[in-house]
Amino acid sequence: MTITFNAIQDLQQALHPLRTDKKIALVPTMGNLHDGHISLVKLAQEHADVVVVSIFVNPTQFGVGEDLDSYPRTLEADTQKLTEAGVDYIFAPSVEEMYPVMPPPTQVLAGAISQYLCGKSRPTHFDGVGIVVTKLFNIVQPNVAVFGKKDYQQLAIIKQLVRDLSYNIEIIGAPLVRAVDGLALSSRNQYLTETERQIAPMLNQHLSKLAQKLKNTPIANNQQLQALIEDTIAQINNAGFRVDYLEVSNQDLSKITDFYGQKQWVIAVAAWLGKARLLDNQEVNG
């Protein structure tokens, strides 16, 4: 039986007696759930006895002019999906419950790791992620928390947050889930028109081509790497996208300095297609 809580105190009271002999997992979401979210739930169930899914469209991670007001809110449908998936508890608080004072005077800043990739065009986004995730960790006090690898930078920031604030929480990165045609699943995919939806899988196709080049091409320096990146950006833009960024870094998101050792890299991209800002990434091991 799935139980939904709107109040922090009610959820904490339900979880309190379970802590002595149950392992608790948290899956934070903003709702409008798809198969990618359900894969996070299934992974959480493999690692814990009790699964809590939060549904909260967090206003602090939206910038001016972004889609806070239009972001799909589908709590009834989400509840049905989570019930069918066997989730134990849903936490669906109001903005007032999460933030008695708006904007919240306390901030959790991620530092340098939040200032590139998505942070370049969304400079306050990860500050908002930091405060909401910190609050959710404090409210739920999970043993395990599951985040999707589609938001690769966010996952790295959460791991840093857990390490720096000494949370005793295991962070699990869940594999990116794709549609049959290769498009990374996202709640914002519904912003795509029918024509744009047909174009959208090309983003992943171009990443795959770049990944193969990175595996097969001897790269001696950053100049050669940037030439491959710029060529891929041009191809993506020519396909109808507007690239926000495309970067290749080490898988911890640090800058590549060793071009001769084992490649443990990640390609990360954000690109606009119509009204949809699409994120994707591919890990390169070779």
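Glycine is treated like the rest: Cβ placed from N, Cα and C.
Proximity of Leu33 (ATP binding site) to non-local residues of its own chain (separation of 6 or more, Cβ distance below 8 Å) is seen for Thr74, Ala77, Asp78, Lys81, Leu82, Ser187, given in sequence order. Sequence annotations record features per position, and here Swiss-Prot assigns ATP binding site to 30-37, 148-151, Val177, 185-188.
What Swiss-Prot lists as active site, proton donor is His37, and the listing cites sequence analysis. Non-local contacts of His37 (active site, proton donor) by the CB criterion (under 8 A, 6+ apart in sequence, same chain) comprise Val27, Thr29, Lys81, Gly148.
Annotation source Swiss-Prot lists (R)-pantoate binding site at Gln61, Gln154, citing sequence analysis. Secondary structure at Gln154 ((R)-pantoate binding site), taken from DSSP and collapsed to helix, strand or coil, is helix.
For Gln61, the entry in Swiss-Prot reads beta-alanine binding site, with the evidence type sequence analysis. For Gln61 ((R)-pantoate binding site), applying a Cβ distance below 8 Å and a minimum sequence separation of six or more within one chain yields Thr124, His125, Phe126, Asp127, Gly128, Val129, Val132.
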Gln154 ((R)-pantoate binding site) to Gly36 (ATP binding site): how many Å between their Cα atoms? 16
Number of Cβ atoms other than its own within 10 Å, given for Val177 (ATP binding site): 18
